[in-house]
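This report concerns only the one structure given below.
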Amino acid sequence: MLVLGLHRTTSKLTLKSARSRLRVAMTDTKVPQNILIHILRRDLRASDNPLLHAAATAPDGEKFDAHLPLYVIDASQMDVSGFVKDKDTANPYKPTRSQVAGYPRCGPYRAKFVGEAVWDLSESLKRLGSGLFVRLGNLPEVVESLARGLAEKGAKVGAIWMTSHEGSEEKADEKAVASLCDNIGAEWKLWVDEKYFIDDRDIGLESINQLPDVFTTYRKMQEPLRAKPRPVLPPIEKGFLPPLVDKALVPEQPTPFTIPDTLDGLVDALASPVKDFLPNKPDFPEGTQSAHPYKGGEAGAHERLNHFILSGAASSYKATRNGLLGTEFSTKLSAFLAQGCITARQVHATLDAFERGTDARFKDVKGFGAYKDKEDATEVAEGDKSEGKAKSSKENEGIEAIRFELLWRDYMRLCHQKYRNKFFRLSGFQKDYKEEDAGDGSGSGSGSGSEGKPPKKHEWKSPVKERALPDQVPSAEGVAETLERFKAGTTGMGLIDASQRELLHTGYTSNRARQNVASFLAKHLKIDWRYGAEWYEMLLVDYDVSSNWANWQYVSGVGNDPRGEIRIFNPIKQAFEYDKEGSYVRAWVPEVSKLKKLENVFQPCTASKEDLMEAGLVGNVMVTEPVLRINYYVDAKPRTNKRGGFRRGSRRVGGGRHMTHGHGNGNDGKTNHANGNGSGNGNGNVNGNGQTHDARMDAPVVNGTTRGPGNRVAHHRGSFVGSRSPGGGRGGYFNGGGRHYNGNGNGNGNGNNFHNNNTNGGGAHSPGPNGGGPKYRGGGPRYPFARGGGGGGSFHRGGHNGSHNRDNGSSSGSSPPPDGPI
Ligand SMILES: Cc1cc2nc3c(=O)[nH]c(=O)nc-3n(C[C@H](O)[C@H](O)[C@H](O)COP(=O)(O)OP(=O)(O)OC[C@H]3O[C@@H](n4cnc5c(N)ncnc54)[C@H](O)[C@@H]3O)c2cc1C
């Protein structure tokens, strides 16, 4: 901003002289006197773009006499050294680095995608008889120098328009351009960002402070979702945009930079400086395919969307969205949406046209035309009951689920609007924790602990000495080493490593994998979660400031997850659930592909010496020094190697149809961070403490994750909150007293009870009352992974079984092997 301030002063002077020159030039009628500069940022599309639409449809007398669509490659967010013409000349811009970890802010995947999207927009605008100017630098400075250059040639800027975007830097740019407009006497207009599902003007909040902190509350305010998006704007016809400003009037890109005039040149200049972001990056595994092979741009976005419907994948999305491998399990629209290549309401409109049968392109796809508005459906039903067409008013489940996710995206952005820079704080956007607040009943969300206490103060490990905790184990150096392993995908935790390597190689990884990775870093390793968020910021092709930071906060327990700290993803259990054949981990971590047993693939340190030898893994760091070891039971047998030294827990299924795994961790009595886990399953919808809240549809199963006791005096802390889903209750939460030691046990219960079940856990003997309601069977098809809990966490240090649950539900108690060093 300092630079900008200086610039503004200079520009005022320059503009004065430019104005006097302008008076002379006024006689030349060819020089435009009412130019619209239209700054495009993350709205890289020609269709459904309100600014272009307004410019194209203005009544004749109000039309701008020239148009200057502008994209600025922002030197504060991207490495622009690739644009330096003469390689002996220095890049005047400092390298762009993230604040906490110092990673490049935009890595090669997004850089390439953005280059492609900019190119595509330029082509679209040309087709409309216009074009796009691409410049590089600091946005307000670039705009100012263009305005100055135009003025020097006798042209006048009549207005500058841009779309409002979230992010403090984006806001600062908006402010700076607004004040530039004041200086040059141009109209300033900041437009609502219309690439979201529900338009900001339709959400029904008087102020953003009224935004509920729980997504479900917000969703309910907005339902029915399909009725909410505004219609897409009509397409712009060729020749309707104001004429493109004459290139000769527009200042060139100042040295030492040149903007390439080919797509390959542009992509190369953007991506090549950041391609070596990790020394010794593992090789791309032979035969593995990227789940995100898409090119940026509006054309690609619509192609992808149409394909997703035509292949039938949109209709089955609800069942597949937790997939890990391949292109078809989810829409892969995120990167297009992030750059504004497509709007969420365009996505909605296309899906809606398929559902209603109004777009013949989809006529051969099952479900085409199956949706009717209620009134139409009733009419049809009355006229033709035999064909059961009344049912046709039902929404397509897959498409309903896509709408739901698009609303999440809206919500994350609104949270950003509400909490602004708290998004980037270690403590998140929750209320700051103060010791004296304990017990004041102001806990965040309904599920973050019983008795309304605020969440426990997070203690984050840091790789930086100055920021490390006084008693941090391991030391800052140790944490730094762990982070390197985390980044390279060599932690020894198969699902995490596969996801991290997929990200390294492609810039994409699925939502399910992201949740596990974030939870692993924040909740298992307890490392400052911002290192993960910044790593994602650099590498994700679909990085979006609101979605990324809000999701990281959510999963790390400092954001708006009502279950906050207690939601912990067990990456082994999750791998068993979502990578049933181990194909995902084998695809991205080829070293483990020769291991036969799944539990070994998911955690190679559990393999026998013979198997390790056969797989060529002896001495591999993932085996010799896994950053964490999680003991896990399959078929009632502990899946760990003998070194763990724990006795078996048992698994008894409490009726949950999908119950397959119990698991348990324990403590060897040596480390402070050992765990006692127990989990089990039962049936039912169980809600502890009478609190009901919606877990996300994709809420992870976090049964029995336990942090072991530091002392024996266990006290109930959390009780638990059950999922409201009919598929089963969630486990109880139990805190084992010691500062570092919690024991979790899952509550039990059959049926649709909302009973207070918080006495279970940790050697619990009392399952929740039986309910057995027919309506709420465990693991129902809708929420197949929701569970009624049954296990009790272990509170024993070393060598004992953890829990002994009786009756319904199961137990897998634990005895305590080391949970390994971090
Ligand atoms: C730790 C973490 C970081 C994330 N960072 C980003 C990010 O930087 N950019 C980003 O777009 N998404 C982010 N997500 C959300 C989600 O993982 C991706 O949107 C999704 O995986 C993209 O694939 P898709 O387009 O096939 O999604 P689909 O499953 O097909 O979903 C459809 C669309 O809904 C939206 N969406 C889905 N899930 C979410 C969600 N949890 N939050 C917000 N929007 C969602 C996306 O726009 C997505 O394209 C993050 C999630 C986690 C857990």
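Any Cβ shown, glycine's included, is placed from N, Cα and C.
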Open item on the list: Using only what TrEMBL says about FAD binding by Ser330, Thr331, Lys332, Leu333, Ser334, Asp542, Tyr543, Asp544, identify which of Tyr317, Tyr531, Tyr578 is listed for that site too.
Closed with: Tyr317
TODO: Check the Cα distances from Trp529 (site 'Electron transfer via tryptophanyl radical') to each of the binding-site residues Tyr317, Thr331, Asp542, Asp544 and keep only the ones within 10 Å.
DONE: none
Open item on the list: Nearest by CA distance to Trp460 (site 'Electron transfer via tryptophanyl radical'): which of the binding-site residues is it, out of Tyr317, Thr331, Asp542, Asp544?
Closed with: Asp544
- [ ] Taking the Cβ of Asp544 (FAD binding site) as the centre, count every other Cβ atom within 10 Å, in any protein chain shown.
- [x] 23
Open item on the list: I need the CA-to-CA distance for Asp544 (FAD binding site) versus Trp552 (site 'Electron transfer via tryptophanyl radical'), whole Å please.
Closed with: 12
- [ ] Quick one: pull the CA-CA distance for Tyr317 (FAD binding site) versus Trp552 (site 'Electron transfer via tryptophanyl radical'), whole Å only.
- [x] 24
TODO: Just the recorded positions from Tyr317, Leu333, Trp460, Trp529, Asp544, Trp552 whose C-beta lies under 6 Å from any atom of ligand 1, please, or none if there are none.
DONE: Leu333, Asp544, Trp552
Open item on the list: Quick check on the compositional bias 'Basic and acidic residues' (460-469): DSSP residue counts for helix, strand, coil, in that order please.
Closed with: 3 helix, 1 strand, 6 coil
Task: Where Tyr317 (FAD binding site) sits in the secondary structure, as DSSP reduces it to three classes - done: helix
TODO: Find the longest CA to CA distance in the recorded FAD-binding set Tyr317, Ser330, Thr331, Lys332, Leu333, Ser334, Asp542, Tyr543, Asp544; express it in Å as a whole number.
DONE: 22
TODO: Would you report the average pLDDT that the model assigns to the domain 'Photolyase/cryptochrome alpha/beta' (34-196)?
DONE: 97
